[in-house]
Amino acid sequence: MSAKAISEQTGKELLYKYICTTSAIQNRFKYARVTPDTDWAHLLQDHPWLLSQSLVVKPDQLIKRRGKLGLVGVNLSLDGVKSWLKPRLGHEATVGKAKGFLKNFLIEPFVPHSQAEEFYVCIYATREGDYVLFHHEGGVDVGDVDAKAQKLLVGVDEKLNTEDIKRHLLVHAPEDKKEVLASFISGLFNFYEDLYFTYLEINPLVVTKDGVYILDLAAKVDATADYICKVKWGDIEFPPPFGREAYPEEAYIADLDAKSGASLKLTLLNPKGRIWTMVAGGGASVVYSDTICDLGGVNELANYGEYSGAPSEQQTYDYAKTILSLMTREKHPEGKILIIGGSIANFTNVAATFKGIVRAIRDYQGPLKEHEVTIFVRRGGPNYQEGLRVMGEVGKTTGIPIHVFGTETHMTAIVGMALGHRPIPNQPPTAAHTANFLLNASGSTSTPAPSRTASFSESRADEVAPAKKAKPAMPQGKSATLFSRHTKAIVWGMQTRAVQGMLDFDYVCSRDEPSVAAMVYPFTGDHKQKFYWGHKEILIPVFKNMADAMKKHPEVDVLINFASLRSAYDSTMETMNYAQIRTIAIIAEGIPEALTRKLIKKADQKGVTIIGPATVGGIKPGCFKIGNTGGMLDNILASKLYRPGSVAYVSRSGGMSNELNNIISRTTDGVYEGVAIGGDRYPGSTFMDHVLRYQDTPGVKMIVVLGEIGGTEEYKICRGIKEGRLTKPVVCWCIGTCATMFSSEVQFGHAGACANQASETAVAKNQALKEAGVFVPRSFDELGEIIQSVYEDLVAKGAIVPAQEVPPPTVPMDYSWARELGLIRKPASFMTSICDERGQELIYAGMPITEVFKEEMGIGGVLGLLWFQRRLPKYSCQFIEMCLMVTADHGPAVSGAHNTIICARAGKDLVSSLTSGLLTIGDRFGGALDAAAKMFSKAFDSGIIPMEFVNKMKKEGKLIMGIGHRVKSINNPDMRVQILKDFVKQHFPATPLLDYALEVEKITTSKKPNLILNVDGFIGVAFVDMLRNCGSFTREEADEYVDIGALNGIFVLGRSMGFIGHYLDQKRLKQGLYRHPWDDISYVLPEHMSM
């Protein structure tokens, strides 16, 4: 959400820190917070003024009218404060319908003053600007300030000066206080703007001869401005409204939400409740809550929440397990219900999100059965059939009753089923599979005739006169038609999937040319990106600079802005500098409201229509679609969005607009145009902007509006009907009717979905619309029926003549999507069995990386997983690590190190120098480790005794690999071998091959003392013993690892550490190019050549 309430303490702290005014503000930072855990001795140490001044104490928990409720203790000593707090601190209180515990109080100095010194000041944001209210009589009895107070609107980008304040606001203020008040209000307004407040009320503001005192303060800030105000705000806290506790689970989901590009929301209403929801989509989540409350479930509704914006499988798992954990804590005598609902997704892969939920259900199957939980599922969107299949499957395998429905079932029908108001069908009708839409069912390869590109009703627009003649449209700068079959757009952002979706839509609508002319992406140079137009490959240019894109594509008049919330404002402002652009869609959610208002102001000046922010966009069947609107091609075809119908709609929610596509296609001849204006408080274009366009468009015969709690935009529709400006039938339903039934305020998924006054509630708006003559259903459940009855009435009157359906062209399916749907298979070019990086976390041979660290497996354990695909015993891991340590380096003289040093001194980079050293490893250097293992294993396994083996090798004239050392001998042992031998003898369960090799060593050293078992030989034979005897491998597996050269890997990996060390050493010593000295080279030339 956007506007969030902050505590009085936070508001005052920010104000005292950052307000800039000539008025003398008294008692700065003089406040002390008291909670049930407060240590009074410590509090007095921090705030010594508590002992010397008269005090005021009050709860700081977003409670309005505390004075009237007797929740303010005035003019008390410290002991008096303690006595006053005793029956209140930590005790339950009732405020209106809300019950909650009082556990956060504020103590401040008492300010003696007269009633004449109390004033009221309030600043709040609206679409047009910020209203400043002032009343010369403040305090608890201020009454209806809207009616009494002086009011001044400060427009967007305008400044408030002291002269305006005196002239418009301080009309009735005492003359001697006007200067002080004007300076304070001016500073307060600048502070309010700079720190992105949306509401700031001080009542009373006391002005005495000593200065200004801020007694009581209430405030809201725009939480989305955190990235701008972080330095000044610090770690700001947003307390829950009174009557609702702050739960750690809510904080956990809020933290997940903050770290994700997706949206994840959770509000606990009644943790003991029977009905729980897990709904996809900001709009759909409100509709489900409405329906539950309408059907009598308000007291049993446990939570409000939503997930949207394509969360990953892991994020959905984390969200789902949080809800399942909460709902399986307390039993309910009637069992519990979980509603996993959602509208038809535009771009979220339903199967991926459902797999996360399925994982959570499997993890909690025991508690779910114990608590007698029944689950109802309804969803649509990309790959929804697979999602529903896995959901149904988990019900069968776990024994949990799970009822699964798709787009063939009305979105909220499952609520009626869950609450026993409608029967649960045994076999719901199944929708056609994705593939059935995209693959030509007849088998014919010919492209069908072009589909119709105008509704039949549009071609007869002049023949059938409307029932009433509409008043002429007011002259406007903005066009009634935003999109046509020839509309061209630029897409800001590297959104290849959305662009391909637009091109597929264009193709299936039989457009002559693609609707995307170019893309703008500032983070790469100019280039071309490959896309498909039907089965053909085409190139679309990508520009670094917007100016270049505009210059080269003057035919473009639409920009689709996929910039992030941080970049969306600047990129949209830049776009509006180009007169050719008439429509801009802003997809990003979370743009601060103050910045959105600046965009709206500039757009109005330029005559530009903005759709969004926080939207999926809009669609005009047969002509143009914005980004991901309408979902994937299967939904476009199922909802008949490839040709126009007669019904135009406007909604706030992107997901609900897709649901409207589905409802309208099932109950009428289809959609003519649909726009989702976005969920923010100040959408760029309003309901009425689009409703008036539809009124002036001959092809539109009826209008559907899906309104929402918050704002007053829907009342303009009532006014339009009364004034005769709107004459076409309008069907409207405002979602959010459940809000009036909750005891405490709930912020819904959309930033603008919050009623600040009675007229903004969904119930009030639905009533007013009905009285104005709009067709209003009794609930969202009946919306489809009302639309159908209005449509059938228009058909009966002849205003709409349904046209004959023409099949659309067949569009080839993307390979990657066909594979995801399981429609095709192809042999993979590569196979791997050791590592998987595709999920939420890295997996080594089946073990998540978090487990690797939790178990403290170390380098040896990781090698066990990556090299041998299994967990090795601890001593084996330690042995591997010891081998790496002892093989790490053997000085600069050996061939590998020598090569590395020469390369480093020749100025080569790290990788080149390292590889030059590694390339020397072979039979003569390092490779003895592998060869020794094979040679000793063969001898031992053949059953010949050590003496026989030595004699055999001597007779064949072969060296025994792993025996012998240039420097070390039986009298000067190699300490590396000694360390390894001690460890192996102490920890290995058996060492038959090592014992054999040591017997061989006795024979060889009796002939020559330096023919010892060297470090290569020791590691080789000991490693074979480890593989054969640790219990983790079969004999065949152990032999295979020796045969494929796994042991050489130990030397290569270990020695790489030393080679890198030599490289860094040479660079650090700044050694120059190496040239070998002549006196160390013996020049032996052929004699006949030297003559």
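Quick reminder: no glycine exception, Cβ is built from N, Cα and C everywhere.
Between the candidates Arg379, Arg389, Swiss-Prot assigns the citrate site shared with Gly309, Asn346, Thr348, Tyr364 to Arg379.
Comparing Lys159, Lys625, Lys968, Lys1070 with the features listed in Swiss-Prot, the residue bearing the annotation N6-acetyllysine is Lys968. Residue annotated by Swiss-Prot as phosphoserine (from the set Ser446, Ser455, Ser657, Ser969): Ser455. Residues Tyr578, Tyr672, Tyr1083 are shown; Swiss-Prot lists phosphotyrosine for one of them, Tyr672.
Of all the recorded positions given, namely Asp216, Asp257, Gly773, Lys968, Lys1067, none has its Cα within 10 Å of the Cα of Asn346 (citrate binding site).
Of the listed recorded positions, namely Tyr131, Tyr364, Tyr672, Phe775, the sparsest Cβ surroundings within 10 Å are found at Tyr131. Cα to Cα, Glu771 (CoA binding site) and Tyr672 (phosphotyrosine) are separated by 27 Å. In three-state terms derived from DSSP, Lys938 (N6-acetyllysine) belongs to a helical segment. Sorting the binding-site residues Val111, Ala262, Leu769 by the number of other Cβ atoms within 10 Å puts Leu769 first.
In this structure, the recorded positions Lys58, Arg379, Lys536, Lys938, Lys968 were compared by how many other Cβ atoms lie within 10 Å of their Cβ, and the smallest count belongs to Lys536. Taking the C-alpha atom of Gly67 (ATP binding site) as reference, the shortest distance to any of the recorded positions Lys530, Lys536, Leu769 belongs to Leu769. For Asp216 (ATP binding site) paired with Tyr131 (phosphotyrosine), the C-alpha to C-alpha distance reads 20 Å. Cα distances from Ser779 (CoA binding site) to the recorded positions Tyr131, Asp257, Gly309, Thr348, Tyr672 are smallest for Tyr672. Taking the centroid of the Cβ atoms of Asp257, Ser260, Ala262 as the Mg(2+) site, the other same-chain residues with Cβ within 8 Å of it are Leu256, Ala258, Lys259, Gly261, Ser263, Leu264, Tyr307, Gly309, Pro311, Gln315.
Recorded residues Tyr672 (phosphotyrosine) and Glu118 (ATP binding site) have their alpha carbons 58 Å apart, per Cα-Cα distance.
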